[in-house]
Every structure is written in C-alpha cells, then in structure tokens.
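Taking it in order: structure first as structure tokens, then the write-up.
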Amino acid sequence: MKLTIFGTGYVGLVTAACFADVGHEVFCVDIDATRIGTLQRGEVPIFEPGLKELVVRNAEAGRLVFSTDARAGVQFAELIFIAVGTPPNGDGSADLRHVLDVARTIGEHIDGYKIVVGKSTVPVGTADRVGATITETMAARGVAHVFDVCSNPEFLKEGSAVEDFTKPARIIVGTGSEIVRKKLHDCYAPYNRNHDKLMYMDVRSAELTKYAANAMLATKISFMNEMANIAERLGADIEEVRKGIGSDPRIGYQFIYPGCGYGGSCFPKDVRALASIAREAGFGADLMQAVERVNDAQKDVMFQKLSQAFDGNLEGRTIALWGLAFKPNTDDMREAPSRRLMEALWGAGASVRAFDPEAMPEARRLYGGRADLVLASSPQQAAAGADALAICTEWKQFRVADFAWLKANLINPVIVDGRNLYDPEQVRQHGLLYYAIGRGDSVNRAASAPARREVA
Ligand code: UDX
C-alpha cells in the first residue's frame, strides 16, 4: 500500500519506518527542511532503540522517502496520516495549529478520495475540525472531493516505540465508515497477526481513549507517590506496600512504582490537556487536577531531602547527579524531574556534576555554558569528590552501585535515591545515609544518624 505521513517527529518517524518495513511505500513530509535533509542522509535525529536501522534499511530499499513537498505527499497516497506535534498552549490546552495546517495543505492539493488518519494526540472533536478545514479549503479552490477523517491514536512509549508499534496491545480506529475500516485493517494487517487487536469505535471515543489511557497511568503514579509520602511519615516502607497491593490482580504490579515524579512529552501534557478539555465542556475534572498537583509537588521531593541532609544550607555544595533523562533508554529531558532538581540546587547556590548514558547532548543543549553544571564522563567522575549523590533516572547501569567506593569518594556519605534502586539496609551497612522515596524506616534512621563528616 502507499501511505503518506505528515510529521517526522517521534510518532511520525516510528510509524513511517515500521510501515515501510513490512513493504508499504511510505512518503514522509515535514516542513522542517533541515530535518528532512538529516533524514535523507540516513541520520536519525532522535535516540530510539532500533529506529535508525529501520530508517536506513527502508530508505535504501526505496520504500521510505523524505520530502518537504506537501503537494506530492497529498497526491502520493489515499491514506494520509497526520502525526505532527500538538504542543501545549499557556493554559495547558493542546495547540492544534500544526494539525490544522496539515488539514489546509490537504485541502489545497487533494485530487481524489482520501482517508485522513489522525495520529497526533488531539482534543475530542478535532477530527471534525480537520474535516471542516479540508472542506473549507477545497471550497475556496472551487473543488469538492470526497474524503474521510478517522482517529487512530498512538500508544508508543519512548525507548520501546518500535517494539510497541510492531507488537501493539491494541490498534484503535475511530470511524463510522466501512471503507476506512477495511483500509486500516489492510494497512495494519502485518502487525495484526495471531489475534485481532483492531478495535473500531466512533471518532470521539477513539480521541478520548488516548487521553484516558495516559490519564489512568499518570493517576496510578501520582497515587503511588502520595502513598509513598504517607508511608514515609508513618514509618512504613512503600516498596513492601507496593508488592502487597500489586499481588491483587485487580491492581496489578505494573506502573505502581513510586519515584520523583513522571515527566516526558505525554503524561504531563495530556493530563493538563484533559483537564482543560473537561473545563471547556463545563466539568471540573478534580481528579486530573489533583494528579497534576501531586506530580508537581513530587518533583520537589529530591531537593527537599537533599536540603534536609545538609540542614537547609546547600550553598557551595557540589551534588553528583546520576540520570538526566525523564526515564531510561531515552535522551528526552522534557519535564524530567532532574531538571527541577538541578534548577532548585542552582537556586540554593549549589552546583551539579551530572552523568547520563544518553542525555548528555540534550543537557548541553539546554544548560550548556552554565558554570554551576559539569557534565561528567562517567558515574564515578560525577560522584568523586561530590558532597552527595542524587539519582533521578533508573538506568540499568545505576542499579548496581559500589557503595564502599561511594563511601570513600563522596565528601558526605549521602545518597538521595529518587527511584528506590537499592536495599536500604545494604546501603546503610556501608556507612552511607540513604534517603529514598517512601521508605519510612530509612528516613527515620537517617534523621537520627550520627553527625556527618564535613568538608575539611
Ligand atoms: C507514555 C505512555 O506509556 C504511552 O503509552 C503514550 O503513548 C505516551 O506516554 P512515555 O512518556 O514514553 O509513554 O513514558 P512511560 O514509560 O509511560 O513513563 C512515563 C513517566 O512515568 C516516566 O517519567 C516514568 O519514570 C514514570 N513512571 C512510570 C513512574 O514514575 N512510575 C511507574 O510505575 C511508571
């Protein structure tokens, strides 16, 4: 099949490369000529396991083409995917400018029947607006071609996007049209084997399903972070509580890990956008607002613990930071807890020596040139001679730490662990003070621990 994809960002590129890999002919359009140039040279501007190989292999085979020619894109295929960004407006609502620009472009160049597939996460009702925009643009040209607009939201996770696309849990298609159902069925057939994962529903339900899925997951995390804060104050260990509740199949073990808050490009944006959509529809959406508030407060917890460890004075201290990305296996630092921590530390007069396996270029782009940030070349180089160690991302390589080495090389024996990576008892045996998330016992003992070694 021939497919056109507007937008070569995260979702667009993964979608395009995965569809090309099963033999579809895919034409990708982006208005960003630099990005298209980069892709034409076989370079992939984002870090995502397996993606570069897919892009290069399929581009070489001639099945994956990158272009800025929107007219050629519209006329290339009957199926046109919209996978452009929907950044947040100031009030949290989604900015639909790019989506509607693509709709206008389609209206300008449409030359026959088209199926327009919405992949971007968009407010409920956007498919209708896309349809209206195409119709208006065609009318201004004096043409009237038939088209359908459907919603096919994406559930990709950064770090496993290729895997999520090729082995989807579900493929949601919101449409009322039999032709669309059939076309999307054929398009996804190579990735829809063994049992049928296609779910058809009306357009608005499909649009809301995307928000509801992310909101549910974000709610689980904020719930656990709230429980962790309660556990900490009651002297209970949230890690025991997590296992205790997870064993109930109605609750389950997944996505109930407490931490220093969720980040990334989806959860924060989508929770706010859903609250904003609900408000516009005249509904308060109290739970969504609380999920957001709890997460926002959780991002301050690391700083509070460090501050507590140094009696409220971090002036002149150097804090080692392991993990900058908002989660492992990505270089993405959007809304990452590490950023809130670093900014609070700088505000308190401390400096940061950071290491991340993938996000160093991104950190340099965001904060390069700051005198109070050193980007270290290894976890050890970040920690050696620092006053304390903070951990914001659970990269595999941080899971096993040499505590004896840390005790010998940190000026103050303090570890603030935002991902609960270690066994508190084991850390303490090495004479280190361990502040984790929701592990009441470790915090209580830390508070009553003997005086720290001080800088000479
Ligand atoms: C998410 C959804 O999972 C995906 O389906 C959707 O398409 C896009 O948004 P992503 O943003 O890539 O994907 O990250 P995800 O792996 O879901 O993690 C989001 C955040 O939640 C991370 O900051 C992570 O650290 C945090 N998290 C996750 C927790 O704090 N605890 C958990 O138990 C799980």
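A Cβ is built for glycine as well, from the same backbone N, Cα and C atoms used for every other residue.
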Checklist entry - Pick from K114, K210, K396: which one does TrEMBL list with F155, L156, K157, E158, F255, I256, Y257, P258, G259, G263, K327 for the same substrate site? => result K210
Checklist entry - Of T86, T209, T219, which one shares the NAD(+) site with D30, R35, T121, E158, K269, R334 in TrEMBL? => result T86
Checklist entry - Which binding-site residues out of D30, K157, E158, G263 lie by ligand 1, going by a Cβ under 6 Å? => result K157, E158, G263
Item to check | Three-state secondary structure, which DSSP defines for G263 (substrate binding site) | outcome: coil
Checklist outcome for this item: Mapped onto three states, the DSSP assignment of D30 (NAD(+) binding site) reads coil
Checklist entry - In the structure shown, with every protein chain counted, which of the recorded positions I256, C266 has the densest set of Cβ atoms within 10 angstroms of its Cβ? => result C266
Checklist entry - Per DSSP, how many helix, strand and coil residues does the domain 'UDP-glucose/GDP-mannose dehydrogenase C-terminal' (320-424) have? => result 35 helix, 19 strand, 51 coil
